[in-house]
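Before any comments, here is the structure.
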Amino acid sequence: MAVGGFEMRIGNGYDFHRLVEGRRLILGGVEIPYRLGLLGHSDADLLTHAITDALLGAACLGDIGRHFPPGDPQWQDVSSLLLLSKVLELVRGRGLRLSNVDAVVVAERPKLAPHIPAIRQSLAGALGLPLDRLSVKATTNEGLGPVGEGLAMACHAVVLLEE
């Protein structure tokens with residue numbers, strides 16, 4: 001869609017991970033103090049994964065699993081911010097510019113509101129975006145399903161790219 005002479009592309013990303021003992025809880029590159037962490041091949045930062053997938057979708061470049069296969073040892077325990085930076089290079093290489101990000105983390109526990117400012121700062125730096133173009137919110141699942149029972153977390157992200 002062209003608006004004001006710019007072609008715009010919207011991407012949607014989603015991620016879901018189980019919470020387990022013995023792992024750190026990383027969201028947006030920030031470690032959140034909690035007794036459980038997210039299970040995954042990398043650091044399992046589902047917020048960064050959802051944003052990464054949204055970027056790939058908007059650029060029509062596939063999905064995060066295609067670029068960083070979960071069975072590939074080079075991505076074992078890697079920071080998801082590294083994956084995000086590699087995807088940003090691909091997106092920018094196609095002549096696309098990130099305009100804004102809106103994301104919502106769905107988690108019953110821990111309460112994320114106190115950590116949102118640090119998460120936004122971390123992601124703004126990684127994405128090269130001013131804070132007024134990066135929204136991160138948190139909500140619960142009202143006690144329903146695996147997320148509501150505190151067994152998992154989910155994240156939805158939307159990005160807008162401009163050509």
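The backbone N, Cα and C atoms fix where each Cβ goes, glycine too.
Features as listed in Swiss-Prot:
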| type | residues | note |
| --- | --- | --- |
| BINDING | ASP15, PHE16, HIS17, HIS41, SER42, ASP63, ILE64, GLY65, THR139, THR140, ASN141, GLU142 | 4-CDP-2-C-methyl-D-erythritol 2-phosphate binding site |
| BINDING | ASP15, HIS17, HIS49 | divalent metal cation binding site |
| SITE | HIS41 | site 'Transition state stabilizer' |
| SITE | THR140 | site 'Transition state stabilizer' |
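Swiss-Prot feature annotations superimposed on the structure.
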residue	record	Cβ within 10 Å
ASP15	4-CDP-2-C-methyl-D-erythritol 2-phosphate binding site	24
HIS17	4-CDP-2-C-methyl-D-erythritol 2-phosphate binding site	19
HIS41	site 'Transition state stabilizer'	16
SER42	4-CDP-2-C-methyl-D-erythritol 2-phosphate binding site	20
HIS49	divalent metal cation binding site	27
ILE64	4-CDP-2-C-methyl-D-erythritol 2-phosphate binding site	26
THR139	4-CDP-2-C-methyl-D-erythritol 2-phosphate binding site	14
THR140	site 'Transition state stabilizer'	15
ASN141	4-CDP-2-C-methyl-D-erythritol 2-phosphate binding site	17
In three-state DSSP terms, the structure that HIS41 (site 'Transition state stabilizer') belongs to: coil
HIS17 (4-CDP-2-C-methyl-D-erythritol 2-phosphate binding site) to HIS41 (site 'Transition state stabilizer') - Cα separation in whole Å: 11
Candidates ASP15, ILE64, THR140, ASN141 (recorded positions) with Cα within 10 Å of HIS49 (divalent metal cation binding site): ASP15, ILE64
Rounded Cα separation (Å) that holds between ASP15 (4-CDP-2-C-methyl-D-erythritol 2-phosphate binding site) and HIS41 (site 'Transition state stabilizer'): 13
Assigned element (helix, strand, coil) containing ILE64 (4-CDP-2-C-methyl-D-erythritol 2-phosphate binding site), judged by DSSP: helix
Separation of alpha carbons, ILE64 (4-CDP-2-C-methyl-D-erythritol 2-phosphate binding site) and HIS41 (site 'Transition state stabilizer') (Å): 12
For HIS49 (divalent metal cation binding site): DSSP state (helix, strand, coil): helix
Cα-Cα distance linking THR140 (site 'Transition state stabilizer') and ILE64 (4-CDP-2-C-methyl-D-erythritol 2-phosphate binding site), given in Å to the nearest integer: 25
